[in-house]
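Q: Please see the structure below; I have some questions.
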Amino acid sequence: MAAENTSNWESKIQRNPHPDFKAVEASRPPFDTTKTFAYTQTPQPTWTFGSGSNHLSSQQDKEKTHRQIDPYSPTRPAHLNYKLLISAIVPRPIAFVSTVSPDGKVTNLAPFSYFTVISHDPPLFIIGFASSLVNPDPTKAKDTLRQLSESKECTINIISESFLEAANSTAINAPFGVSEWGVSGLTPVHDCEHVKAPRVKEAVFSIEGKLESLRGFESKSTPGKVSSTMAVIEGVKFWAREDAINEEGSLLDIKVLRPVSRLGGITYGRVTEGVELPRPDFVKDLGGHEGAAKWEKREQVN
């Protein structure tokens, strides 16, 4: 994003709550490099159909009330919705997007956590941009969005713990034309088959992407202004590091991938524990319509 535009936005949302971040960070425990992904049991392995929440939910929790928040309240600025949503919709995967201008002279690398996969056939992904190509000034659109719209292609790279700091550095509010590759020290690899944008060599998993569509959304707080854009990207080639992928090319080892996610504010998350839960079968596990009817009767009584 253009430097001036980013500075204005950051001053509004005050993302960093620490006046002296390095002092706060120094007071915390060192990064635990010994932690690796491990499975545990679910919170309540004895849970059965109809049981509701498990034992982690106390009666006191159930008695607590909820507050209504109107996102369109005339006294509520839009940036409060942003801060609320990024702290509530967590953890979010991060698209580490590499783009290049059509003439090949300008490269860009930036992380976006308004991101997810929406289909496997065809492989489709969405990336959300809090900016617009339409108005008030198209030159203030995020650099990635501008180059994606012009070149119609990109690479999406998944961020691992091993280059978290470097990936975060690419979120810097550098002016258009300044490449984040040099800022980060990461390695561009120009071996993609279908796109010109380089992939990140340090990434365990990368996707060559073609732009399927762009759609702008009008602001509710500033009518007439297009405030955000959704890009739909089709994955046309996958790159997986050999030590991370299984033989049939269907599963990545999370212990090798070591992905990071975005939480609220300036917080990132690690993935160090998981639980497995089989998807229940309607007939085998629930007892078919007869079993379902039992729980329907209970619901009507309650």
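Cβ atoms here come from the backbone N, Cα and C positions, even for glycine.
Any TrEMBL annotation is an automated prediction that lacks curation.
The compositional bias 'Polar residues' annotation in TrEMBL covers 1-11, 33-59. Marked as compositional bias 'Basic and acidic residues' by TrEMBL: 60-69. Annotation source TrEMBL lists domain 'Flavin reductase like' at 90-245. What TrEMBL lists as region 'Disordered' is 1-73.
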Q: Looking only at residues six or more beyond either end of the compositional bias 'Polar residues' (33-59), which have a C-beta under 8 A from one in the stretch?
A: 254-255, 258, 270-277, 280, 285-286, 291, 294-295, 298
Q: What is the three-state DSSP composition of the compositional bias 'Basic and acidic residues' (60-69), stated as helix, strand and coil residue counts?
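A: With helix first, then strand, then coil, the compositional bias 'Basic and acidic residues' (60-69) has 4 helix, 0 strand, 6 coil.
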Q: Reported in the order helix, strand, coil, what are the DSSP residue counts of the region 'Disordered' (1-73)?
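A: Each residue of the region 'Disordered' (1-73) counted once, the result is 22 helix, 2 strand, 49 coil.
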